[in-house]
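As recorded in TrEMBL:
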REPEAT    89-110  repeat 'ANK'
REPEAT    158-180  repeat 'ANK'
REPEAT    193-209  repeat 'ANK'
Amino acid sequence: MLPEIREEGGVGTSATKAMSASLSGKRGRYVRQVTGRHNDTDLHVAARAGDAAALRRALDEAAVVVAAGEAGEGLEAVRRAVAAEANEAGETPLLAAAEKGHLEVVVELLRHLDAHGVAAKNRSGYDALHVAAREGHHAVVQEMLCHDRMAAKTFGPANTTPLISAATRGHAEVVKLLLEQDDFGLGEMAKDNGKNALHFAARQGHMEI
């Protein structure tokens, strides 16, 4: 069992906060609690703020602490597990960064996450590519498609695709980018109500789409 490490001060609190680390099976777990209604870790705070340097420090710190307490657990394996840690809203640091459009943080997290971590969804049923497309963050969507172009086929609630979300909000450049992946029929994919991206764009008056 790893020792508890305490640190004075910190984000959002003047009180001492506890940093604990443990392993569950083969998956390293590191949770550093900060003030927040969703029990964010330091990685969530850094990701949401777009602070790539702070995120790297938190990843390295966690990897060293956990690996030091468990023989045979590689540093990168620990970083991968920590980077995929979700808060109480089911949101990973990648989801937080993608929603805010913080490209540098997204790039850093993609270096460490496996396919499962990249595809993780929040409690609303959206993954990182989907939230980036919905918010119109072209550079983040482009980076994630370069990482895995098949992510364009992900489905959210009611069979909503990233293309449908982007088209509904009028993000023309993101729509164009997603349609470049359209050799598997993205444009024809419809929600549960039978409407596709073009229908939703037209309904919202986004004539440029």
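In case you wondered, yes, glycine gets a Cβ from its N, Cα and C as well.
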Open item on the list: DSSP on the repeat 'ANK' (158-180): how many residues come out helix, how many strand, how many coil?
Closed with: 17 helix, 0 strand, 6 coil
TODO: Count up the helix, strand and coil residues in the repeat 'ANK' (193-209) according to DSSP, in that order.
DONE: 7 helix, 1 strand, 9 coil
